[in-house]
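The following features are taken from Swiss-Prot:
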BINDING   Cys178, Cys181, Cys230, Cys233  Zn(2+) 1 binding site
BINDING   Cys194, Cys197, Cys216, Cys219  Zn(2+) 2 binding site
DOMAIN    10-75  domain 'J'
REPEAT    178-185  repeat 'CXXCXGXG motif'
REPEAT    194-201  repeat 'CXXCXGXG motif'
REPEAT    216-223  repeat 'CXXCXGXG motif'
REPEAT    230-237  repeat 'CXXCXGXG motif'
ZN_FING   165-242  zinc finger
Amino acid sequence: MNNAEWANKDYYADLGVSKNASAEDIKKAYRKLARENHPDKNPGDKVAEDRFKKAAEAYDVVGDETKRREYDDLKKLLASGGIRGGFGSGGADFPGGFRSTQGFDASDLFGGAGPGGGFSADGGLGDIFGGIFNRGSSPRQSARPTRGADVETDITLEFREAAKGTTIPVELTGEAPCNTCHGSGSASGQPSKCGQCNGSGFTSENKGAFGFSAPCTNCGGTGEVITDPCVDCRGRGTVRRTRSITVRIPAGVEDGQKVRLAGQGEAGPNGKPAGDLFVRVHVKEDPVFEREGNNIHVTVPVSFSELALGGAISVPTLDKPVKLKLAPGTPDGRTLRVRGRGVETRTAKGDLMVTVQVTVPPTLSDEAAEALRTYAEAEKKSGFDPRANWAGNNR
């Protein structure tokens with residue numbers, strides 16, 4: 001669709017709502033129309049298909065807060081006579097007493113208005129037309145990159161490395177500053193001022209009664225040109241090579257998290273700043289520890305006697321093992337907290353959560369078996385019944 005045709009649309013009427021309708025009413029109206037006229041519900045019905053498309057187009061504009069505001073501003077401008085003669089040839093009046101008396105086609109304000117940049121008429125028309133219709137400059141007139149490209153890479157860490165933090169070498173292949181010209185692109189090391197824009201980076205163009213500015217096509221908006229290109233980089237200021245950098249991974253990084261290193265991406269052209277490096281971290285599973293937030297969980301096998309009689313057990317941590325005291329009668333599956341032994345970040349420190357789990361010996365020595373039989377008799381005499389309060393007794 002031609003951009004100028006968009007301005008002649010009545011999107012509110014297409015949705016069957018008033019211009020003052022709330023966002024919720026607009027959404028409800030669109031959903032109702034979309035449901036009633038959906039192609040799947042009306043196979044072969046061209047009228048329903050057209051209604052469906054019109055509703056979708058309308059909702060795309062007035063269903064978006066920013067686009068709706070720009071659309072409303074444009075319609076108000078047209079209704080007030082701010083642009084007369086419609087979107088064909090003829091004169092045009094603009095707010096602020098500014099008038100075009102020459103043969104002016106208002107459609108020039110849209111896609112064919114000339115290269116991007118600021119529209120000089122009062123009233124913010126550049127914002128209105130440029131925003132809703134996405135008018136922009138052509139590729140050949142757009143400014144050159146002002147920084148290097150961002151780079152992404154992946155690394156894999158052990159569980160402890162991610163929890164405690166580490167440094168790791170990373171090898172990257174991409175654009176790096178040319179060593180011969182030190183990134184300037186010029187053999188002399190000093191680019192020259194662009195003669196076409198006089199170093200400003202922009203040129204002006206008059207279209208009828210209106211003035212437009214655009215990035216200079218000679219220097220790409222930089223204000224500088226290379227008159228003596230470096231033989232090694234051919235004036236780009238960068239060459240492709242492999243480099244190795246050391247990446248510091250902060251403590252507490254999680255699986256899938258990205259670490260940003262500013263200025264460590266690809267070098268910018270002709271001395272422009274480098275892009276950023278984003279390192280995506282993958283964390284291996286650990287056979288002992290599991291992480292939940294900043295807390296670390298570990299399950300420790302224990303014997304029945306250790307739980308029944310109490311005592312101290314050795315528990316692994318991210319650093320070195322610690323002793324954990326068990327009270328007599330600690331139940332199987334109990335989770336105990338060791339404070340401050342979890343993952344430590346810049347803002348918080350987690351705990352170590354220790355779950356004790358009874359392990360039954362697969363075989364017993366004669367001495368151990370006799371001791372257990374003696375214990376079993378004593379247990380009965382003491383009146384202990386592990387199923388005394390069990391709900392299953394009533395089934």
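Using the three backbone atoms N, Cα and C, a Cβ is placed for every residue, glycine included.
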Seminar exercise, completed: Averaged over the repeat 'CXXCXGXG motif' (216-223), the pLDDT of the predicted model comes to 84
For this session: Rounded to the nearest Å, what's the C-alpha distance separating Cys178 (Zn(2+) 1 binding site) and Cys197 (Zn(2+) 2 binding site)? Just drop the number here, would you?
Result: 27
Exercise. Considering pairs 6 or more residues apart, do the repeat 'CXXCXGXG motif' (216-223) and the repeat 'CXXCXGXG motif' (230-237) have at least three CB pairs under 8 Å?
Worked result: no
Problem set entry | Cys230 (Zn(2+) 1 binding site) versus Cys219 (Zn(2+) 2 binding site) - Cα distance in angstrom | 17
Exercise. Cys233 (Zn(2+) 1 binding site) has how many other Cβ neighbours within 10 Å of its own Cβ?
Worked result: 25
For this session: Check each residue in the chain of Cys181 (Zn(2+) 1 binding site) that is at least six apart in sequence and keep those whose C-beta is under 8 Å from its C-beta; list them in sequence order.
Result: Ala187, Gly189, Cys230, Asp232, Cys233, Gly237
Exercise. If you count the C-beta atoms lying within 10 Å of each candidate's C-beta, which of the binding-site residues Cys178, Cys194, Cys216, Cys219, Cys230 ends up with the smallest number?
Worked result: Cys194
Seminar exercise, completed: Counting only residues outside Cys178, Cys181, Cys230, Cys233 in the same chain, those with C-beta within 8 angstroms of the Zn(2+) 1 site's C-beta centroid are Asn179, Thr180, His182, Gly183, Ser184, Gly185, Ser186, Ala187, Pro229, Val231, Asp232, Arg234, Gly235, Arg236, Gly237, Thr238, Val239
For this session: On the DSSP side of things, how many residues of the repeat 'CXXCXGXG motif' (230-237) fall into helix, strand and coil, could you say?
Result: 0 helix, 0 strand, 8 coil
Seminar exercise, completed: Reduced DSSP state (H/G/I helix, E/B strand, rest coil) at Cys197 (Zn(2+) 2 binding site) is coil
